[in-house]
Amino acid sequence: MAAAASPARELTQNPLQKTWEPYDNGLPAGHSAQRGVCMTNCPTLIVMVGLPARGKTYISKKLTRYLNWIGVPTKEFNVGQYRRDLVKKYKSFEFFLPDNEEGLKIRKQCALAALNDVRQYLSEENGHVAVFDATNTTRERRETIYKFGEENGYKTFFVESVCVDPEVIAANIVQVKLGSPDYVDCSNDEATEDFMKRIECYKNSYETLDENLDKDLSYIKIMDVGRSYLVNRVMDHIQSRIVYYLMNIHVTPRSIYLCRHGESELNLKGRIGGDPGLSVRGKEFAKSLAQFINEQNIKDLKVWTSQMKRTIQTAEALGVPYEQWKVLNEIDAGVCEEMTYEEIQENYPLEFALRDQDKYRYRYPKGESYEDLVQRLEPVIMELERQENVLVICHQAVMRCLLAYFLDKPAEQLPYLKCPLHTVLKLTPVAYGCKVESIFLNVEAVNTHRDKPENVDISRPPEEALRTVPAHQ
Amino acid sequence: MAAAASPARELTQNPLQKTWEPYDNGLPAGHSAQRGVCMTNCPTLIVMVGLPARGKTYISKKLTRYLNWIGVPTKEFNVGQYRRDLVKKYKSFEFFLPDNEEGLKIRKQCALAALNDVRQYLSEENGHVAVFDATNTTRERRETIYKFGEENGYKTFFVESVCVDPEVIAANIVQVKLGSPDYVDCSNDEATEDFMKRIECYKNSYETLDENLDKDLSYIKIMDVGRSYLVNRVMDHIQSRIVYYLMNIHVTPRSIYLCRHGESELNLKGRIGGDPGLSVRGKEFAKSLAQFINEQNIKDLKVWTSQMKRTIQTAEALGVPYEQWKVLNEIDAGVCEEMTYEEIQENYPLEFALRDQDKYRYRYPKGESYEDLVQRLEPVIMELERQENVLVICHQAVMRCLLAYFLDKPAEQLPYLKCPLHTVLKLTPVAYGCKVESIFLNVEAVNTHRDKPEVLMLMPLSMAVVPC
């Protein structure tokens, strides 16, 4: 490894993210990578494998959502969707019979169309990970895909879901197949009967990933909805993270409750951050929360707070054990801690404008950005996936990050998600996503939500910067 | 779940850790747990499984070191060590013959003695995890241990290492068996020959963990030094973390280089923290570092820095790509940022004293503690385990934390580890531990190490309680 003989380059600090970057003759130079949550060198192609109704699409969508949230551009490609776009009307399982020449031709065409879009996403659109969601149940089909990956310089990682439990399969059919566009004109019984025959079409030619025959491939085989896993040849960091994630998710029904601390003394004054206690109304909210939780009659509820006084005070009112997480602390506003927005505008007008220009990536001087928050919250998300019923009492920015994960909101929207005080969001996984119920606990509080103003220019007059600041004392 | 009807308890802030804790009539109350890196509800018994020379002790020691570093009290119990303590002199492999009644009796006795110590550690000494390191190659032996776990309320997790590659086994023997106390009076050839026969003693009765017969057990089976893994019934958070760790470690030879940024402008003034640039000597160090790295001729070296100017400036001099990690930033000294120790003593004498009382757990007001640092550095350690040759250019407190992980230093010693400026530590895994080479790059710098003072400004913490 040769060391460059040239003099050390100048460093300048990016005004938005506060990161130090090298400049060469006034131009940004290479060699300095910011480590996001993880770096991917070459694109990764994840290939799902398994009979119908084994959770492939569930896993694809969930994994895609997780990777995007931690900052790895990921997209899923569902071959069944390509088929629905091509063959307007689904008739019956006979389309999938192994000797249906017409069907086979169309299905191969769809797979190739999807792979072409994968190539475009990974090689032309800066995608890092593509999830190829299809049955891919024959070794021959997987070979074709693997070759495609090799030709394009992608690392291929297979994710197989194997399940023989008839109850699980029946439940899957109810959850996600009965409502499929394929069965929009059928009764539930008709749909179930047809789908079971569809599964049969694949069984004879199904070649599961084999410890010997496929020993040179990189893959994880998930058995019985996560009871056991076979993991082979994990090649790099992103594959290791994917395996860890897949081994921590489960499908047991449960709900996640998200809320903020009760209104704080600083909230009342329109000041951000700090470590204040609850206001009178905030204490009332805590009592209302206790009543609400009691009425919900939740089995084995875990309660988590941050290490800031206001969330702990809120949890105290519940009278049950709770766990304090430092990583759930509110975003650190650095030099702007405990200021009002008016004071920030007055003392740091440039900072205030930069924040409005890119609220997700903006880092407070000596503080944090939403992007930083996501990185520090990742262990919370991982543990939330492991757990069942959990109540998380946290803070505005933190709650926005967690909510964006569950509701698959992109980075641009995340910092503007509405998370008002004294309102509990109940999230319940359903089908491929999350049902949200918003419950306002009927104790008034200030509004702390500041919308993005129209004028985000650094030269804007103060009134335009402050137009969207909510009312306070 | 019944909600208590009693009024909310008062919260007071622990003056050392700055954490808010509930008080009931002036006494600390329950119900509020601080989440360390992970919480274990009931103790965990990890049981190693595998023929000799399959890496069981290597894994045991490494896993124990990792768990202790992240704050989970863990201890390993090596049954071979119990045997060496009981049978003073090892004669030959014949001790391990399956029909050697005397040998079997002693070995069983040792296993039971070890299990008894496990019970004492987990049930009486607040241990969270015990690693039971023995071959445990028969289903019968594993059943005995599992029952022991159940009786005592422990969760049992098996870790099996399976390997048939003769090269790997031969390398293991060279690395850790030839130097064993058992073979202190033998030549290498004699030792190897005896050990190979020792392995044979176990083979006939070896019952590997089976997908069907052992389907109700929680375990990970590691095959071919990590090429593949079979994971069954992970029950809780700590088991999930253990599996993740085991799946990220490797045995490929490599070195890890740790150093601090070059001397900074604030270092010169005796000020802590901040985001200063390098001093003149700091810049010289950066050049020396570039030369040193060049001379080391390291294959595929990765270079990591923090996101603070002084580490990045140092890396810039190397002229190679580097990755910036925010989690490698120096400990946040909160309100004490950019102060000298004299100024801290003058403005925050209580804080200064508390820090000396428990430097590991002490959290600066609006800042961090070493304990916090360890939690935020865990992903760095995980990635260091995955990587091969890496140079980490970081900061004093950060480097102390990383060093403590590699050298298995406990929390009390960690904040006082010596990590001087302009000195590279080269860590190379060897046998069960880590070889350290310290290389001073011959550019003078100030000393930033502050020892624990002999006379502490002692006061009971109760006197320092800050009312809320």
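We count from 1, first residue shown onward.
A Cβ is built for glycine as well, from the same backbone N, Cα and C atoms used for every other residue.
Summarising the annotation, TrEMBL assigns active site, tele-phosphohistidine intermediate to B:HIS261. For B:GLU330, the entry in TrEMBL reads active site, proton donor/acceptor. For B:ARG260, B:HIS261, B:GLY262, B:GLU263, B:SER264, B:GLU265, B:LEU266, B:ASN267, B:ARG310, the entry in TrEMBL reads substrate binding site. Annotation comment: TrEMBL describes B:39-253 as domain '6-phosphofructo-2-kinase'.
On the structure: features taken from TrEMBL.
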residue	record	Cβ contacts under 8 Å, 6 or more apart
B:ARG260	substrate binding site	B:THR311, B:ILE393, B:CYS394, B:HIS395, B:GLN396, B:MET399, B:CYS419, B:PRO420, B:LEU421, B:HIS422, B:THR423
B:HIS261	active site, tele-phosphohistidine intermediate	B:LEU278, B:GLY282, B:MET308, B:ARG310, B:THR311, B:GLN313, B:THR314, B:ILE393, B:CYS394, B:HIS395
B:GLY262	substrate binding site	B:LEU278, B:SER279, B:ARG281, B:GLY282, B:LYS283, B:GLU284, B:PHE285, B:ALA286, B:LEU289, B:ARG310, B:GLN313, B:THR314, B:LEU421, B:HIS422, B:VAL443, B:ALA445
B:SER264	substrate binding site	B:PRO276, B:GLY277, B:LEU278, B:SER279, B:GLY282, B:ARG310
B:LEU266	substrate binding site	B:ILE272, B:GLY273, B:GLY274, B:PRO276, B:GLU338
B:GLU330	active site, proton donor/acceptor	B:GLY273, B:SER306, B:MET308, B:CYS394, B:HIS395, B:GLN396, B:ALA397, B:VAL398
Once DSSP output is merged into helix, strand and coil, B:ARG310 (substrate binding site) belongs to helix
Annotated substrate contacts B:ARG260, B:HIS261, B:GLY262, B:GLU263, B:SER264, B:GLU265, B:LEU266, B:ASN267, B:ARG310, maximal Cα-Cα distance (Å, integer): 14
Across all chains shown, how many C-beta atoms besides its own are within 10 angstroms of the C-beta of B:ARG310 (substrate binding site)? 30
